[in-house]
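Taking it in order: structure first as structure tokens, then the write-up.
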There are 2 protein chains.
Amino acid sequence: MKIINNNKSKSKSKVKVIPLGGLGEIGKNITAFEYEDEIVIIDCGLAFPDEDLYGIDLIIPDVTYLVRNKDKVKGFFITHGHEDHIGGLPYVLKQINAPIYGTKLTLGLIESKLQEHNILNDCTLNMVNAGDIIELGNLKVEFIRTNHSIADSCSIALHTPVGVIVHTGDFKIDFTPIGGETMDMQRYAQLGKRGVLLLMADSTNALHEGYTMSEKTVGEALENLFTKADGRVIVATFASNIHRVQQIANASIKNGRKIAFSGRSMEKISEVAISLGYLFIPKEMIIDLNKIKDYSNERVTIITTGSQGEPMAALTRIASGTHRSIQIENGDMVIISASPIPGNQKAVSSVINDLTQKGANVIYGAIEDIHVSGHACQQELRLIHALLKPKFFIPVHGEYKHLINHAKIAEDMGMDKSNIFILETGDVFELARKKAQVAGKVQSGRVLIDGMGVGDVGNIVLSDRKKLAEDGIITVVIVIDRENKTIISGPNIVTRGFVYVRDSEELIRDIRRIVVKSVERCLDNNVTEWSEIKNSIRREVDNFVYTKMKRRPMVLPIITEI
Amino acid sequence: MKIINNNKSKSKSKVKVIPLGGLGEIGKNITAFEYEDEIVIIDCGLAFPDEDLYGIDLIIPDVTYLVRNKDKVKGFFITHGHEDHIGGLPYVLKQINAPIYGTKLTLGLIESKLQEHNILNDCTLNMVNAGDIIELGNLKVEFIRTNHSIADSCSIALHTPVGVIVHTGDFKIDFTPIGGETMDMQRYAQLGKRGVLLLMADSTNALHEGYTMSEKTVGEALENLFTKADGRVIVATFASNIHRVQQIANASIKNGRKIAFSGRSMEKISEVAISLGYLFIPKEMIIDLNKIKDYSNERVTIITTGSQGEPMAALTRIASGTHRSIQIENGDMVIISASPIPGNQKAVSSVINDLTQKGANVIYGAIEDIHVSGHACQQELRLIHALLKPKFFIPVHGEYKHLINHAKIAEDMGMDKSNIFILETGDVFELARKKAQVAGKVQSGRVLIDGMGVGDVGNIVLSDRKKLAEDGIITVVIVIDRENKTIISGPNIVTRGFVYVRDSEELIRDIRRIVVKSVERCLDNNVTEWSEIKNSIRREVDNFVYTKMKRRPMVLPIITEI
């Protein structure tokens, strides 16, 4: 009887699924699952800013809704250790101090992040293994092993009173993975057989037919290259791609090369991975970067950051000749074992050009297959849908074009269109046993992190930066004796970032003349509001400069009254 | 006897080949060929700025060397009408007024450009046909038909006393071109048979195996799509790709659709192309963009600019919902018939997402093959080398990675490595009958165009803009009575583009306090140089703000003395 009662009471409440990031974008993944007085959060990532966000360092999700309901939050359940899944934690944990659950490597990476932010001691980290089920109140969270471009990745099955929700996390299906097992498809099948109410699945590669190649194929390509190399081999890849690093290390050891790590995150993550037993390199094969000169070139491999051409990363500094301990020599082979993320193509291209020009033999995507994606392509997505046969489906982790294509894949496999939901960040998706719908909206969006400031860069600041970036600034300083209605000193014209013209002195003189006229006219007309005088200066200088130069620098009048 | 004499005297002088742009970059192509007192210039293009060139509109080559030798310049010989080959002309012609030679369409596009700059009447435009040879003094310039993504493109064979130089211009080999003939390979073979001293060839696609597909294949793909469309069809492509526009028009007419042009350059170039007979569309099939509402959706095609996601282009405005006369409706098919140029991927992606979200069915590269390149791939490059069998070779039109790969292709075909030269912009390449070498360097580089200013944006202005873009500005205004060593008014602190912090009032108060202290200390110590007082303010405010905010806004002290 108790069970029946229980079931009855359960069926009255609905599960709310609230994505607060990761939809319509690739980045800052975070989704809340709410049932009565329990909230479970899957992932808590950051996003990197586009160029139009001048001066912004990174973006985290707006978690106002969670802060308001923080007493309900039972924990953060993290699928894997990539920045777009863990990077928001240090900021969000300061507002919502709930325990974090994740596998060993994932927690290792989170730990070093919390340490940097000096909040590790205030946080609770709970280690789980793939296969574990964490029982909260009504909700149970199950971790299921997957494959991805970082070790120890998991899907999550959320067992709720209305049914099972499967969130794939980022995944691919690798039948020959490095240092691990294939995704637990048997558990997927079992869940599918019993009935899955909702699937939320990775859409990153939903535009790509076929399936993603195994990580192992990269190892084979790398070994081929290593046997051909007779100078140093410098390989750039993502520091977090530990399986890749393992394969680079294997190829090195096979060819009698010592291994040096270059770049802060490469040093840090490889250290964490070795200490936790995810990366196996005999101690005697690792050398300090400062010691590479002690070995002949054909005995050295350098594994480095900078595969995306990031301005301050090690490979970029090697390419520009500004690296402290690595200068390119003739015979060096540089392997860029990563694809450029959209937006980084130009930067990567310029690194390749610089390295080639300095004499390196640069191997990259256009030349050899030395990278595979960490995300499932269409055929793998179909397999997941076939195993789980969910009643409802929400494509996640993608821009709109990815989501809509993933939805089409599900539809083509026979799913009812009305059971597929393309959500937006902030949507409240209400899920019952037989019905699902978007039933509201909560506050959501992006919080911009700029230096030490969190979330205080408003649109005005950003649009000011844009204007300053494009046309610079003209500052007009003037000292006025308001009583006597006279200009005591100035106008003093100072420009920065404004195009210098051959006859700039004349231009400045003209601006000064225009300001004087403008102010005198105001004073003569008994304009008493400084803001009006400033507007008049701004308008007239702006007009004049635009007519003369076809430019609109920011005009900043500053009036001092004596 | 005369001929022999002639030959003798000729063999004494060398031909100088001086690239002033287009090497180590894709953009601002221009090369000078100098023989005794004659200079021939091939192409005169512009480049578009990277994002780090804040506020710069475009870049033209530094032609100081040509200006110094302008009496020698016999003419500009233009291979085709793309911006990176003609865009520098309006600026360079103001300094070097030599005649321009080109085919009809190329001149048509140059003409409208010179008209915009109000210098058409001062310029001499000489129309040529493919096959024409222009005899100057010792130099003869021959135009040879090629295929490219713009009609009326040519290679140039420069006949000099030391031998023949072939400059391919931008080309591909299209065996089924639209509205024209296949590249004149018979002439290439003939020149090769007689002996080519130097080849300079397009390297854009030197990293791509195989050959570039025919423009005709795009027409077939477009026709397939048009038959499936039941709403409007909106096709974005490069305005200058007249063959593409022709094929879009053909598919439209076949399906009973009227054609409207959208976007300034699309309207302008299609008008030029129709009037010169390069684009054939029955007059009654063209409608004004404002009239599209008069026709049912399945009777309308819109051909538009914006295939690169350019912020102000028509397609971008359609996507963001800010276009004056086109709003996306359900059932609209949008075809992006172009590949994103490196650097534009993110912008294009966001246009695709916006259009999809508004209900359009967006067809783009990742989904269908609706674009082909205008540049030759490796197999075509090999063919050209085989036909011409040049003694010397300079790969051109490419970044360093393209040039080096093109060099490898030539080497693999058996060319002597010492006869292949990878040049840099500004190199003076001296060419004799049997010998060639880099023999010097002339001034070269980039001239930045910013609004009406030409070449007057220096590094200081750019680095100021960068600083302003990232961290904004803090202006400190202070009025000092130097005689009495007192601050009369201020400091007045005004910030722009500077992060607002929650406690910004306190921060500003702190800055004010620091400035007062700093100035008073200077005055007390009898510092009399304004610049020293300013430095002191700058240093202390900078330190304080960095400690507090981890930011370094520009600090601009302005002191007024009374």
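The backbone N, Cα and C atoms fix where each Cβ goes, and this holds for glycine too.
Where the annotation comes from TrEMBL, it is an automatic prediction and has not been curated.
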Please pick, from A:Asp412, A:Asp416, A:Asp427, A:Asp450, the residue that TrEMBL records in the Ca(2+) site together with A:Gly55, A:Asp57. A:Asp450
Residue from A:His371, A:His385, A:His397 that TrEMBL also lists as binding Zn(2+) with A:His80, A:His82, A:Asp84, A:His85, A:His148, A:Asp170: A:His397
Near chain B: which of the binding-site residues A:Asp57, A:Val372, A:His397 have their Cβ closer than 8 Å to one of its Cβ atoms? none
Work through the binding-site residues one by one (A:Gly55, A:Asn241, A:Gly374) and name whichever has its CA nearest to the CA of A:His148 (Zn(2+) binding site). A:Gly374
Fewest other C-beta atoms within 10 angstroms of its own C-beta: which of the recorded positions A:Asp57, A:Asp84, A:Asp170, A:Asp202, A:Asp450 fits that? A:Asp57
From the Cα of A:Asp202 (active site, proton donor) across to the Cα of A:Asp57 (Ca(2+) binding site), what is the distance in angstrom? 26
Using DSSP, would you call A:Asp57 (Ca(2+) binding site) helix, strand or coil? coil
Could you find out if DSSP has A:Asn241 (substrate binding site) as helix, strand or coil? coil
Listed binding-site residues are A:Ser240, A:His371, A:Val372, A:Ser373; which of them have CA atoms within 10 A of the CA of A:His82 (Zn(2+) binding site)? A:Ser240
Cα of A:His371 (substrate binding site) to Cα of A:Asp170 (Zn(2+) binding site): how many Å, rounded? 17
Round to the nearest Å and give the CA-to-CA distance linking A:Ser240 (substrate binding site) with A:Asp170 (Zn(2+) binding site). 14
Write out, in the order they occur in the sequence, the residues of the chain not among A:His80, A:His82, A:Asp84, A:His85, A:His148, A:Asp170, A:His397 that have a C-beta within 8 Å of the mean position of the C-beta atoms of the recorded Zn(2+) site. A:Asn29, A:Asp43, A:Gly45, A:Thr79, A:Ile150, A:Ser153, A:Gly169, A:Gly374
Near A:Ser373 (substrate binding site), which residues of its own chain have a C-beta under 8 A away, given they sit six or more steps off in sequence? A:Ser149, A:Lys172, A:Thr204, A:Asn205, A:His208, A:Thr212, A:Ser339
